[in-house]
Amino acid sequence: MSGITYDYMQEYLRSLIPESSGKYLELEKFAEENMVPIVQKETAKFLEFIVSMKKPLRILELGTAIGYSAILMYEASKTNPKITTIERDKNMIELAEKNFEKYGLTEQVEIKEGECLEVLESLNEAYDLIFMDAGKGHYNHFLPHCLRLLAEDGIIVADNVLFRGMVATDELVKKRKITIVKRMREYLDIVSKDKNLITSVIPMGDGIAVTKRR
Ligand SMILES: C[S@@+](CC[C@H](N)C(=O)[O-])C[C@H]1O[C@@H](n2cnc3c(N)ncnc32)[C@H](O)[C@@H]1O
């Protein structure tokens, strides 16, 4: 059980998504074989949809891993966007660099090595879309920077906000995850209650929150 939705619902929704091919299949296989966490299939589809609607020129991603979601967002936008993506793990950076090179995206994607919070503090450009997919226990700390960096009409997409259902009910909370869960609840509270923001939380994948200014 995913803790987010009924198994039959997840299976059905997944069955609607066409089989991956080409580079995506290759990257998904690599991620699975090497236990690299990448966006779930339905989250990937949602991201593709949002990006193709928004047509961002500048994208900021928190959590590069092997570059799967960055490549997906680049292709979905059709705007030749500039992507800045933050990653602290040197092995991941090496793998992502190879993938960006292999798929001709070296010019368009800049990897910033380091802790998200520190890198965020150093950024000053405006981004049309910010994808949060790293440091689940710190989204509430990343938020002020993401809002500072968000273009007037920009969108923040935050993944894993329901964290296997634990964020929605104490019954599922594992003791060692209590801090992450508390902080994620704080994040969702802020983005949902701030009168200047509009947020929709979607019980899909591991839970996605989409936020923009009113
Ligand atoms: C879920 S994976 C990102 C997956 C990627 N967005 C995709 O779907 O293809 C999260 C990545 O963020 C990195 N990470 C986690 N916490 C971080 C932090 N505080 N600062 C920088 N990177 C972090 C991890 O090393 C990991 O590679």
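Including glycine, each Cβ sits where the backbone N, Cα and C put it.
Look at TrEMBL and you will find V39, S69, E87, D133 tagged as S-adenosyl-L-methionine binding site. Annotated Mg(2+) binding site per TrEMBL: D133, D159, N160, in sequence order.
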(message) Rounded to a whole angstrom, what is the C-alpha distance between D159 (Mg(2+) binding site) and D133 (S-adenosyl-L-methionine binding site)?
(response) 6
(request) Just jot down the residues in the same chain as S69 (S-adenosyl-L-methionine binding site), at least 6 apart in sequence, with C-beta under 8 A of its C-beta; none if empty. (result) I38, V39, A44, L47, E61, F131, D133
(request) Provide, as an integer number of angstrom, the distance between the C-alpha atoms of N160 (Mg(2+) binding site) and E87 (S-adenosyl-L-methionine binding site). (result) 17
(request) Would you work out the biggest C-alpha to C-alpha distance among V39, S69, E87, D133, the residues that bind S-adenosyl-L-methionine according to the record, and give it in angstrom as a whole number? (result) 15
(message) For a quick check of packing: other C-beta atoms within 10 Å of the C-beta of E87 (S-adenosyl-L-methionine binding site), how many?
(response) 26
(request) Around the Cβ of D159 (Mg(2+) binding site), how many other Cβ atoms lie within 10 Å? Please give the count over every shown protein chain. (result) 25
(request) Using DSSP reduced to three states, classify D133 (S-adenosyl-L-methionine binding site) as helix, strand or coil. (result) coil
(message) Using DSSP and collapsing to three states, where does S69 (S-adenosyl-L-methionine binding site) fall: helix, strand or coil?
(response) helix
(message) Validating a neighbour-count step here. Other CB atoms within 10 A of the CB of D133 (S-adenosyl-L-methionine binding site): how many?
(response) 25
